[in-house]
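Copied over from TrEMBL, here are the features:
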- Glu69: active site (ACT_SITE)
- His68, His72, Asp165: Zn(2+) binding site (BINDING)
- 314-371: domain 'CBS' (DOMAIN)
- 20-42: transmembrane segment (TRANSMEM)
- 49-68: transmembrane segment (TRANSMEM)
- 74-94: transmembrane segment (TRANSMEM)
- 106-128: transmembrane segment (TRANSMEM)
- 148-166: transmembrane segment (TRANSMEM)
Amino acid sequence: MFGRSLKLFRILGFDVRVDISWTFFALLIAMSLALGFFPAVYKGWPAATYWWMAIGGVIGVFFSIVIHELSHSLVSRAFGTGMTGITLFLFGGVAEMQGEPESAKAEFFTAIAGPAISIVLGVLFLWLGGVGGEDRTPLLALFDYLGRLNFVLAIFNMIPAFPMDGGRVLRSVLWAVKGDIRWATKWASGLGGLFGFMLMMLGLFAALSGGLVQGLWWFLIGMFIRSAAQGSYQQMEVRRLMGGVTVRDLMHKDAHVVPPSLTIGELVDKYVYEFQQTAFPVSEHGRFVGVVDTAHLKSLPREDWSRKTVREVMTPPEDAALADPAQDAIAALQSLQQGGADTLIVTEGNRVLGTLSRSDVMKLLGLKMDLESA
């Protein structure tokens, strides 16, 4: 779903990562609070105070979103659905599920957990903000802001537009009524796409009416929701079509293995050009010892090809893009997309079993979509 993201920390078994787009989001929040909201509501305070409050606001927003997504992750895990972690990005955050929920009940409680915890946080922050009564301090004002923000977060997320929380609640209800998750997802994602389109039109109208920044923001949010709704249905279709397909089913068992003593020149002439592959497993005395990829060769001067060996440039097993033969094919494809590699080396213990490329998975997926989608 995302490009490169930075892992910040791990909490309750889940990695919390931040996409680079979150930096823009955090900066936008800080500027809006320091230059707009806080000076308008709490007049007469020093500019430095507004900025410290804004920084506190960004930190509060960050942890509010993390706790919101963490609640989804914990409930989902309790129902047996695997989670890959939590990622914060331009439009908020997402708890990344490895598959679809096992039941409509699991979907409902997983979806409702986020808004529920946001309401709890909202009540807590508003209570903290009201401790001083009418005597407002910057800290109490910040608590009041975070309380209201969490209520807005809960309400907005409950809009029945899939894949937002409200849309997932709607899907769980449709799923329970019809007993068909595919049908429920199709309708819920359709409504999500419609809502996203309406937000885009609202943003366009606002921009043409003079509210350029606000209009652009609504347009982008609407575009994201519309794209996410369509993508969620397509993702479910991919999982349905590729269900039960493993790496062993798709891998090339006749992998071309190279010895570590081979020179780079020999590797290029006898393997890369002949077999037209970009990655080769390296084996010594029948044991897997690394991977050599053509990406390693691009920064290597041509005059070094005749004297440098594969051993000197190969990636060791612990850093290589590997796959288990029993691994789900879609999970392997996600590993390729997230890691930026084109080929996975399939290993079992210290033995090389084969290779699996992105095109191998996409070829079968394309055939299945052509023949089985309806």
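Glycine too: its Cβ is placed from the backbone N, Cα and C atoms.
Long-range Cβ contacts of the transmembrane segment (106-128) within its own chain (Cβ-Cβ under 8 Å, at least 6 residues beyond either end) map to 60, 64, 67-69, 71-72, 74-76, 79-81, 140, 143-144, 146-151, 153-155, 157-158, 165-166, 168-169, 171-173, 175-176. Other than the site residues His68, His72, Asp165, same-chain residues with C-beta atoms no more than 8 angstroms from the centre of those residues' C-beta atoms, the Zn(2+) site, are Glu69, Ser71, Ala95, Ala111, Ala113, Gly114, Pro115, Ile117, Ser118, Asn157.
The stretch from 49-68, 74-94, 148-166 that makes the most Cβ contacts under 8 Å with the transmembrane segment (20-42) is 49-68. Contacts of Glu69 (active site) defined by a Cβ separation under 8 A and a same-chain sequence distance of 6+ are given as Ile86, Gly93, Val94, Ala95, Gly114, in order along the sequence. The list of residues near the transmembrane segment (49-68) in space but at least 6 beyond its ends in sequence, with Cβ under 8 angstroms from a Cβ of it, reads 11, 16, 26, 29-31, 33-35, 38-39, 86, 88, 92-93, 114-115, 117-118, 121, 125, 138-139, 141-142, 145-146, 149-150, 153, 157. Beyond the ends of the transmembrane segment (148-166), by six or more residues, the same chain brings 60-61, 64-65, 68, 72, 111-112, 114-116, 118-119, 121-122, 125-126, 185, 188-189, 191-192, 194-196, 225, 228-229, 232 to within a C-beta distance below 8 angstroms of the stretch.
Within 10 Å of the C-beta of His68 (Zn(2+) binding site) we count 25 further C-beta atoms, all protein chains included. For the domain 'CBS' (314-371), the DSSP counts in helix, strand and coil order read 28 helix, 17 strand, 13 coil. For Asp165 (Zn(2+) binding site), the same-chain residues lying six or more positions away in sequence with a CB closer than 8 A to its CB are His72, Ala111, Ile112, Gly114, Pro115, Asn157, Met158. His72 (Zn(2+) binding site): 26 other CB atoms within 10 A of its CB, across all protein chains. Per-residue pLDDT, averaged along the domain 'CBS' (314-371), amounts to 80 for this model.
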